[in-house]
Amino acid sequence: MASPRLETYCCPNRDAATQLVLTFQPEVFCGVCIGSASVSLLLSILQLLPKQGQSPRKMPKASSSTILLLISVCDILGGLGIIFRSTVWIGFPDFIANISVVNGTDVWPSAFCVGSAMWIQLLYSAGFWWLFCYAVDSYLVVRRSAGLSTIVLYHMMTWGLAILLCVEGIAMLYYPSVASCENGLQHAIPHYITTYAPLLLVLVANPILFRRTVTGVASLLKGRQGIYTENERRLGTEIQIRFFKIMLVFIICWSSNIINESLLFYLEMQPDINGNPLKNVRNAALITWIIMGVLNPMQGFLFTLAFYGWTGWKMNLKGQKREIPWESMSTSAVADNGYPSAVGSSVNYQSNIHDSKKTTAASSQQTDEALSMLSEGNTASDDRLSRNSPIYQGW
């Protein structure tokens, strides 16, 4: 799981609240993390592999589709970090015990503690930033302001901010050294802020951007042919449901972190967290701590379900290429829909009509491309796009 308490535990003089959760049945907790991360890792990879009757999932051209793939990659790598950290925690208890030694001479336990915690935080934080970029890009696609060049800006923003916030939070927490960190909230609070800032940004900004995108999709569908049929309405609903699934998965997987951190901060403010009046608060903190170990790693698999749906068990390793439905329809329609030649002025007239309708078809195809990006991974939506496209229906 991903929590700033993992970095805090690397301090020998850690606070009592962090000591409470990280020393509560550590073998059971790490076993839960390994099990959840392993299941999520295997199912996520299974989801991303090509299946029989489907095209192999290669690096897509559209920035929105690329972002979805990068979110899954961040979750997979973050899950690997959780598995590695929890495995060492269970398999080498003496090695882990040296983390708590004040002024110890062995630096490797502290290095492992800090390094593994930073790896997990960095990758999940990058996933949060990519999720924010996906909401921004979806909105720009509808506004027709996005392009292939924007993915470079997204890379710069995502990895730059993720690394900057992670390094800044760690530097503030461990100043002046790992052995003397956590001597007051002035060290811990900046670290917690840099950890939860991208998470809170997604919770607040993404629903707003998704809502504006859905409104823009309705206008885009109406503008394709000047009508708003049942097919267009159904496609808009599917895009709206897809955004809802993404936010639902995110809230389910990370709301326990916010609740747990609030409870632990409340305990830190008490003079004695072991007092009987705080028993229910301690139990709630421990319960949400275990829930975090289950839900945080499962985000990777649940996101693939929200992005692509269940893709099935039967894999196709032949690597055959399948054309996008609307693209193949467009190509065949353009090839077969030529105009007969005529003599004199009729040739020029039909040529002008042909050019005008080519421009209209190109505009419609651009709209279909934008909608295809938003509904990527939904075969039914792609089929409706191709059937309703003016190119498919004929010029």
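Backbone N, Cα and C atoms are what each Cβ position is placed from, and that goes for glycine too.
Note that the coordinates shown come from a computational prediction; the quantities given were computed from them, not determined experimentally.
TrEMBL annotations:
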COMPBIAS  356-380  compositional bias 'Polar residues'
REGION    356-395  region 'Disordered'
TRANSMEM  28-46  transmembrane segment
TRANSMEM  67-88  transmembrane segment
TRANSMEM  108-132  transmembrane segment
TRANSMEM  152-175  transmembrane segment
TRANSMEM  195-214  transmembrane segment
TRANSMEM  243-266  transmembrane segment
TRANSMEM  286-310  transmembrane segment
Answer key: the stretch among 67-88, 108-132, 152-175, 243-266, 286-310 with most Cβ pairs under 8 A to the transmembrane segment (195-214) is 243-266
Long-range environment of the transmembrane segment (152-175) - Cβ separation under 8 angstroms, sequence gap at least 6: 4, 7-8, 10-11, 63, 67, 114, 118, 121-122, 125-126, 129-130, 133, 137, 181-182, 187-188, 190-195, 197-198
Count the CB pairs under 8 A between the transmembrane segment (243-266) and each of 67-88, 108-132, 286-310, then give me the winner. 286-310
Contacting positions for the transmembrane segment (286-310) when only residues 6+ beyond its ends and CB under 8 Å are counted: 1-3, 20-21, 24, 29, 32-33, 36-37, 39-41, 43-44, 47-48, 68, 71-72, 75-76, 78-79, 82, 124, 127, 242, 245-246, 248-250, 252-254, 256-257, 259-260, 263, 377-378
Residue numbers, six or more beyond the limits of the transmembrane segment (67-88), whose CB comes under 8 Å of its CB atoms: 1-2, 6, 30-31, 33-34, 37-38, 40-41, 44-45, 47-48, 57, 59-60, 95-96, 112, 116-117, 119-120, 123-124, 126-127, 130-131, 133-134, 137, 151, 154, 296-297, 299-300, 303-304, 307, 376-377
